[in-house]
Amino acid sequence: MALRVLLGIATSGIYPGLTYLISSWYVRREQGMRFAFLQVGEVVVLATGGIVNFAINKSLDGRGGVAGWRYIYIVQGSITIFLGVLTYFWIPQFPEWAHETKRFLTTQEIEMVLARIDKDRGDAGKPEPFTLRAVMVPFSDLKLYVFAVLFFLQNLVSTALSYFLPIVLQGGMGFGTNKAILLSAPPYYYAALPVLLSSLVGDWYGIRGPIIVFNAVCLVVGFCMLGFADQVTVRYIGTFLATGAYVSNWAALSVYQANNIRGQWKRATVAASVSAFNGLGGIAGSYIVRSTEAPKYLTAIWISIGSHLVMIAVVTRTGGLIEVKEKSV
């Protein structure tokens, strides 16, 4: 448990850090597809990782007196360490420091990037000095709490579905352990399609709220199919619809937040706060799937449906159906 806490601390800054980095390089109407590519990479790795873990556990379990689950940590951990070292040299700096990244951009190109960002939202250039006030002021902005609630509701469902999908397939649909593990991968491969399409539409028309609402509606329909249908095929198709919807909304919510927050420390503070509430949603989501409720898991179904109805209400009530214009917040 202590190591799990350390792992959580080490990984907690990855998603808000990437969100901040992407928003620093692209104008707001270009960010949707970039967040979509980030999500596609994540879900493809997640789906492939499940298959790889199954193969590792199946082929190496007991070799040298080491359990299969330990080999999973050894193999996946080694890959992570290698990529972590590579990433340190590979990912470029923020635009204002990009000249420190060798063989990346010329001085003229960096100036062009900064000019585009400054024209779009007026916060490019040298880093703002750190002050306690710069960090605390964003907490007086209602938007911080709106985004925090949205990400809490989002991760409440995504944690429940991503972590417990094999259990639902096994206990709820009658598949064996091995089949349940393998069948949990296809919904994530499918999710790459709706996240790319919805993000493309959002960038093309300069809208965010309608995309979030559409994805939330698709998730509600998917969970209705999963929870209330009797045929296994219909229920399994429901997992595709729900998975594609929540993965798409990760990108949509990330760009929604990034598009509506201006100022370097404000964006950093909001990203960190949202990450905290996102984690709380994950904690709550880990308790809503109850094995005693197999095969329907109605508590998880109703909470997932309810949370996204609340998400729709929050987005529409806060005026999220119209994308922000240049330099407006």
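Using N, Cα and C of the backbone, Cβ positions are placed for all residues, glycine too.
Here is what TrEMBL says about this protein:
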{"type": "DOMAIN", "residues": "1-329", "note": "domain 'Major facilitator superfamily (MFS) profile'"}
{"type": "TRANSMEM", "residues": "6-23", "note": "transmembrane segment"}
{"type": "TRANSMEM", "residues": "35-56", "note": "transmembrane segment"}
{"type": "TRANSMEM", "residues": "68-91", "note": "transmembrane segment"}
{"type": "TRANSMEM", "residues": "144-168", "note": "transmembrane segment"}
{"type": "TRANSMEM", "residues": "188-205", "note": "transmembrane segment"}
{"type": "TRANSMEM", "residues": "212-229", "note": "transmembrane segment"}
{"type": "TRANSMEM", "residues": "235-256", "note": "transmembrane segment"}
{"type": "TRANSMEM", "residues": "268-289", "note": "transmembrane segment"}
{"type": "TRANSMEM", "residues": "301-322", "note": "transmembrane segment"}
Going along the chain, which residues at least six beyond the ends of the transmembrane segment (188-205) come within the CB cut-off of under 8 Å? 29-33, 35-37, 39-40, 43-44, 46-47, 211, 214-215, 218, 240, 243-245, 247-248, 250-252, 255, 323
Same-chain residues near the transmembrane segment (68-91), Cβ under 8 Å, at least 6 residues beyond its ends: 21, 49, 52-53, 56-58, 60-62
Can you work out which residues elsewhere in the same chain, 6+ from the ends of the transmembrane segment (301-322), have a Cβ less than 8 Å from its Cβ atoms? 143, 146, 149-150, 153-154, 156-157, 160-161, 207-210, 212-213, 216-217, 219-220, 223-224, 226-228, 242, 256, 288
I need to check the long-range neighbours of the transmembrane segment (212-229): which residues 6 or more away from its ends have a CB within less than 8 Å of a CB in the stretch? 150, 157, 168, 194, 198, 235, 237-246, 248-249, 252-253, 256, 296-298, 300-302, 304-305, 308-309, 311-312, 315-316, 320-321
Near the transmembrane segment (268-289) in space but 6 or more residues beyond its ends, with Cβ under 8 Å, are 12-13, 15-17, 19-20, 134-135, 138-139, 143-144, 147-149, 151-160, 163-164, 167-168, 257, 261, 297, 299-300, 303-304
